[in-house]
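Enquirer: Here Swiss-Prot flags C60, C62, C75, C78 as Zn(2+) 1 binding site, drawing on sequence analysis. If you look up Swiss-Prot, you'll see D449, D451, D453 marked as Mg(2+) binding site. What Swiss-Prot records for C822, C896, C903, C906 is Zn(2+) 2 binding site.
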Amino acid sequence: MIDVNNFHYMKIGLASPEKIRSWSFGEVKKPETINYRTLKPEKDGLFCERIFGPTKDWECSCGKYKRVRYKGMVCDRCGVEVTKSKVRRERMGHIELAAPVSHIWYFKGIPSRMGLLLDMSPRALEEVIYFASYVVVNPGPTGLEKKTLLSEAEFREYYDKFPGKFTAKMGAEGIKELLEEIDLDAELKHLRDELESATGQRLTRAIKRLEVVESFRHSGNNPAWMILDVLPIIPPEIRPMVQLDGGRFATSDLNDLYRRVINRNNRLKRLLDLGAPGIIVQNEKRMLQEAVDALIDNGRRGRPVTGPGNRPLKSLSHMLKGKQGRFRQNLLGKRVDYSGRSVIAVGPSLKMYQCGLPKEMALELFKPFIMKELVQREIATNIKNAKSKIERMDDEVWDVLEDVIKEHPVLLNRAPTLHRLGIQAFEPTLVEGRAIRLHPLATTAYNADFDGDQMAVHVPLSKEAQAEARMLMLAAQNILNPKDGKPVVTPSQDMVLGNYYLTLERKEAVNTGTIYNDTNEVLKAYANGYVHLHTRIGVHAASFNNPTFTEEQNKKILLTSVGKVIFNEIIPDSFAYINEPTQTNLENKTPEKYFIAPTEIGEEGLKAYFDEQPLIKPFNKNFLGNVIAEVFNRFSITDTSMMLDRMKDLGFKFSSKAGITVGVSDIVVLPDKQDILDEHEKLVEKVTKQFNRGLITDFERYNAVIEIWTDAKDQIQNELMGSLEKTNPIFMMSDSGARGNASNFTQLAGMRGLMAAPSGEIIELPITSSFREGLTVLEYFISTHGARKGLADTALKTADSGYLTRRLVDVAQDVIVREEDCGTDRGLLVSDIKEGTEMIEPFIERIEGRYSKETIRHPETNEVIVNPDELVTAEIAKKITDAGIEEMYIRSAFTCNTRHGVCEKCYGKNLATGEKVEVGEAVGTIAAQSIGEPGTQLTMRTFHTGGVAGSDITQGLPRIQEIFEARNPKGQAVITEIEGVVDDIKLAKDRQQEIVIKGANETKSYLASGTSRLKVEVGQSVERGEVLTEGSIEPKNYLSVSGLNATESYLLKEVQKVYRMQGVEIDDKHVEVMVRQMLRKVRIIEAGDTKLLPGSLVDIHNFTDANREAFKERKRPATAKPVLLGITKASLETESFLSAASFQETTRVLTDAAIKGKRDNLLGLKENVIIGKLIPAGTGMRRYRDVEYDKAAPETEIVEEVQTTEI
């Protein structure tokens, strides 16, 4: 076997007949497969053992030689070599064709490569190949042009006139002869000359032909090899024939297709031997051609060959194509051993880094490890004995299993794996039952819930795999979300509710105002029922030993509540005592107002003091998230995960103690609801009157009515939330962020409000009832539209979002951090992203975690805030914005010079760890996942603004697709191509508006539709590329008008606009990586003296290389313009043919690659996965491969810490 890790590139080309014969182990002469009685392969047939190897290990066909000792011998009776039966997966055969046959990929593909090379139309080629016309190969004295087509009658006529003096042939033979006669160098010279003079269609064709001719010259492929004389037969194990239960056989479609070819070929041979009449031979040759076409690509020409039940047979091309093809089904995703799946259940008592594995599952997964251990401990005598012990589930097996799984992490995966947090490592603990136990805090990252979700378990086997799983993938390490660098592990539902309830304060709670010496006293009083969780008390501040308390404060009494004392137990000691849910309290110190000197307490005690003070808000979900982020910023990951576990335990404990329930009595209907409705009803009547009098249009009336009812709902909502008791369970759920929001509550107790019709428009008749009162039949009916649309949308969105992620991953999979610094001299100017006055992404968020390109000084003090190539941390970013600086140049992926990737400096910090990014990080894939994963949260709809045509703006997922596919947007904006002043705006024909721009040298006018809103007015100055009307810009046009930098910034802004409007935060750097991939090609305008072809798409780096060469040799450089490719197109244009072929249009990509003799340097991730090599990212990079692991190395500290710390 070849060691896949040892080769550096893979090349593809056309196979010569000699090459095909050299692969083959023998010629298949008969169409038979296996003997129906003996079930043994027929000699010389499609499964022949002599050609392909024995069907049983170390045994020849007739049984003369059995056993491994005869290895390598060839049986003298049956001629079969004694070897492993596995060779039947590798050995190929061949068929010697009686007549040459054209390869359908090269003749029928678009464009037809054969046609371009011969300068013949595909239709003419088809007529010749399928024996409808003759082609003139050698015109002789006939006066005919070479390659002219002749019908049967014309050929007879010329043949009679010039017998034996000219040659015209039919079928692939004629084409082969023409291909053999082609002089590529002469053709090249002729085409280069034609390029100088040709224009229009002729120029386009000349460029296409030049590309094909150049391909053949460079690749060393012979054009005649596009015609087959010998047909290879793939190994029999890859097209198997298996016996079914009923004695019948199931076989691969390929065997049928091969059988047809062999039958027709044998018949043709016989006819040629017999000297049959020409017309019969011709017909047989045509049938052979069709049989080979069907084998290579069934259905490409004419009707496909069908099997039983009119099902088209799957040809060799279909074996590669699509989701079920070889690439996507077997090479990019394989099923793996040492894996299992089961339903998940919650494991509230687990630590952050643990999961619960069902005993019987663990027994099966770790079987080989247990067997080894049983033999080593001498519990079992040998492996076989150990196996039977495990299968019997003997008692001693369980102890061994406990030891084996200790410190052996397993990977848990939930489908769909939308981002890298969809697979995480945990340390298994054994549990009873058959469900996998999952840590409740890990559910957010997996997007899992416990309503029947299933998860898969995988066991990393090698020491390196285990180390990687533990160091990089342990759930306790993955606290931050790679898309925005915020904690993804936040408490939810019960945990939030528990902590909210714990930190609640109540006025009339038992024994309010009691003063305690220390925490222990408080806990004892609480345990004995002397105080309640919500009781406000005083505690001597000194007893907390808190480093943030001043000396003065330590002499005072801290005013807090019992619950908060308990909550602060889980917070690290160096933090301020958290008494109120504010950033100041969290980051700096406990506010002074919560300290009271003993002398200040009046005679009535603290109770009277507390009665005057307002209650402090309890801690909600957002605040808990801030606490986690703050702990993460100040401490190690280990400390954070320990605190998270404590927070989870507190939450569960106190939400159970709270016993929060919901009853119908908790839903209190607003008393003055009817008055609010009547008031708004009057407003609607007023608007309708105005419309009836013709004072406003129907469009304005509709919008006004919608606005009135929205206002009514808002008013009811505000009054409802204000009138609710703070201890109302439903209010507590929504206020804490555990579940539900104000809108849900309004629907229960207030009114349901406006609903959408099936078309997406809003129905102006609101639903005035609430669920508590009950809906009328009409109201119920209206509301079903929205519910149905919601479900349908979700289903569509999931598929669309998944496909978007796949395309994004494909285009960016080879972007890896490849070096520390690329040394670029350019940077990206960043400032606030705004849409009108609305802030989309603030400046501070854009610079944090990036490297500066310039020295930034304080405008007043001139002090240096940040130096060039220095990382802008959160503190520095705050300093910059506090200094009033509103824009700066940063290092960006847009301006990075690294080939096939980015450098550390241009990328910035790794958001998943908060540290600087390391060489080897697969940032392209992370970027694709970060943009694709929130795709399901985006809306599907195109907003209809009251049904006016032309003003629909695409938003949500469709808009993201539109941007990344570089499509012409819906509701396109008009942009100006010149700088100048708006001279005039007038009405043109067909109710269009004409905008006239007067520049320095020229005046241009632009037409906009009558309904589009203008963004400029007469006399206004405009820059090149400025928007004249509302809408989205067409990016390809913008690129040619405003240039590369403006287009990059525009695309970045547009993507951020869509996501931020939906409340999804994605870091700029992810979008930058993707947009850069879309702009990495240029189109050659003039080739100069370089080897580049005019009109061809070339990678920017190859273009600069070619020009550098030209400058060195004092030659004319090439000129080119940047091209914006959509992600699908960009994936197919990638350097790697393996990656492109596994993505889409497999046959087209492979045809092209074979003719060009392309070489795949295996730089990306996909191509390495396909050939089974370690991926060149992370520890798979060559610079890390030479590192040997030390077998006796002591375990790292962090791991020890995770293991031994009890919480």
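Residue numbers in this text run from 1 along the chain shown.
Even glycines carry a Cβ here, placed using N, Cα and C.
Give me the lay of the land around each of these features.
Expert: C78 (Zn(2+) 1 binding site) carries neither a helix nor a strand DSSP state and counts as coil.
For D451 (Mg(2+) binding site), no same-chain residue 6+ apart in sequence has a C-beta under 8 angstroms from its C-beta.
Within 10 Å of the C-beta of C903 (Zn(2+) 2 binding site) there are 22 other C-beta atoms, taking all protein chains into account.
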Enquirer: Are there any residues in the same chain, six or more apart in sequence, whose C-beta is under 8 angstroms from the C-beta of C60 (Zn(2+) 1 binding site), and if so which?
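Expert: Counting only residues 6 or more apart in sequence, the Cβ neighbours of C60 (Zn(2+) 1 binding site) under 8 Å are E49, P54, K66, C75, R77, C78, V80, E81, V82.
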Enquirer: With H, G and I counted as helix, E and B as strand and the rest as coil, say where DSSP puts D449 (Mg(2+) binding site).
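Expert: It is coil.
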Enquirer: I'd like to know which of the binding-site residues C75, C78, C822, C896, C906 has the most other Cβ atoms within 10 Å of its Cβ.
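Expert: Counting every other Cβ within 10 Å of each candidate, the maximum falls on C906.
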Enquirer: Same chain only, sequence gap of 6 or more: which residues have a CB within under 8 Å of the CB of C62 (Zn(2+) 1 binding site)?
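Expert: For C62 (Zn(2+) 1 binding site), the qualifying residues are C75, R77, C78, V80.
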Enquirer: Measuring Cα to Cα, how far is D449 (Mg(2+) binding site) from C906 (Zn(2+) 2 binding site) in Å?
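Expert: Distance between the two Cα atoms comes out at 38 Å.
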Enquirer: Just the number: how many Å between the Cα atoms of D453 (Mg(2+) binding site) and C906 (Zn(2+) 2 binding site)?
Expert: 40
Enquirer: For the recorded Zn(2+) 2 site formed by C822, C896, C903, C906, name the remaining residues of the chain with Cβ within 8 Å of the site's Cβ center, in chain order.
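Expert: Checked against the 8 Å cutoff, the neighbours are E819, D821, T824, R891, A893, T895, N897, T898, V902, E904, K905, Y907.
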Enquirer: Counting Cβ atoms within 10 Å of each candidate's own Cβ, which of the binding-site residues D449, D453 comes out highest?
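Expert: Of the binding-site residues D449, D453, the most buried by Cβ count within 10 Å is D453.
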Enquirer: Using the centroid of the Cβ atoms of D449, D451, D453 as reference, list every other same-chain residue with Cβ within 8 Å of it (recorded Mg(2+) site), in sequence order.
Expert: I344, A448, F450, G452
